[in-house]
């Protein structure tokens, strides 16, 4: 490939007139008479060149030495320079030189946009191969993109299971269950368990493929599971902890301890109540003497009666102490549960809370 060399310092040697209005048209083809004219002009520009000097110049070129004089233009170089200058004059003399440039840029932009949209459409219609423990499944990428929050619908999540050597996604999971998983994507959200798949296995597959809580609840409802009632909890964090502590023993080990203490206090209070009814622990001065005489019909003066109990004797009584502790615990438990309950109306609608308050 020949590269034309243009010496713009010696433009006088080039036979092209920049001010000639005849050159304002489109450039002519390389087969025109421009090479001969340029060659003739070049010869006339140096009439005093001697043959000896030309012979010396050719000899220095053959010896590999660069001549000191500037290089001359060949006929092809003259033609290329003429075309370049003609195009440059055409761009300068045009009325709106930016129109063609911007129109070309606009055309390139729309072509790029069309190619991008075409690429997006082709990407959506791209087929995806999924290998489930050796069983091959094939579906469209647009089918998986219906649920972008799931494992197969999110490109960033499923890329961890991509095998570049085989150009497929490999999952070491239960093969029969994937029929129901793939049907979930194809049907737009309907989940159906295959008949030969156990309930717990299919539930684990739903969790693994991250189909979501709604899909899991739909599966439980379709399979006949009773939906657990929604637990109403306080919004405040401290109140929520106390409510779980006194109301839900299965929530933590501390809640179990509180429940055991409540049961122990109830048993002790019942035991003390029964023990006080025995004659050995019954106090005869519980009734006044006039009431005793009316029941017996006569007053026996020979019977010695113990002196009446004082306030200190009641305080030091073991039965009184135990009963007081039990009552304090019951009052504390009922008050705390009432203060931290999420709904006061629901608290009074519960019959067990009414029994606790009355007792």
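Every residue, even glycine, has its Cβ placed from backbone N, Cα and C.
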**Report entry** transmembrane segment range according to TrEMBL, out of 258-278, 279-299
**Finding:** 258-278
Report task. Check the domain 'BTB' (126-226) for me and report the mean pLDDT. Result -> 92
Report task. With DSSP as the yardstick, break the domain 'BTB' (126-226) down into helix, strand and coil residue counts. Result -> 41 helix, 18 strand, 42 coil
